[in-house]
């Protein structure tokens, strides 16, 4: 048996074992309700690609080890589709996150505030759409997101200001500093009757854990910032994975050529 066939079989055994956690965590992510995942638009596409990679690796193992021409041909066709889908997702994630976003640091605290106009129009549309945002709010509420990630109720204002909050927490779980509300605990803030702020988020705030600042524009911006952070963190992995798939595809082409020569 020629080396390319053996190598193809070994590589696809590796790919199969790598695809197991991808599919597993993809399923878990689609069932859980945590803030950073409530707007992860690429969860389902990556889950589908993960399943295709698993199926593809099975064809690769059989085709590489048994040298069956039609199985190898099917493997090459599936792999081409997987690579095309993966590359499309890679390009999509890169271009929709080109606008840096980022927040404005609140002086004397570890918190930031975020504005929608700092993100690409496509991303803004995802959270401005009423139907989409209703689903995101439901996700945050169902996961009891703010009480779970905020510091304890006994935390003083001084200690609370020292805590570095994630974008979603900083934007959805507390009112804007511009509102001038009185701090009681991390999830309870007292409104002032003489507040002169024109920020609509101040009126949208409510201490009800099912309301909080989930109707605020800042919450929508915080969700986008959280999504960009998670996408950028995965960018290196996606790049390496794409390069690895290209290498395996080249080996598969050699194995297919060897198999055709034999038959």
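Note: Cβ is positioned from N, Cα and C throughout, glycine not excepted.
Record note: among 215-235, 236-256, 236-256 is the stretch given as transmembrane segment by TrEMBL. In terms of C-beta pairs under 8 Å, the stretch of 7-27, 47-66, 73-98 lying closest in packing to the transmembrane segment (236-256) is 73-98. Note on the transmembrane segment (73-98): residues 42, 45-46, 48-49, 52-53, 55-56, 59-60, 63, 120, 122-123, 228, 231-232, 234-235, 238-239, 241-242, 245-246, 248-249, 252-253, 256 of its chain, located 6 or more positions outside it, place their CB under 8 angstroms from a CB of the stretch.
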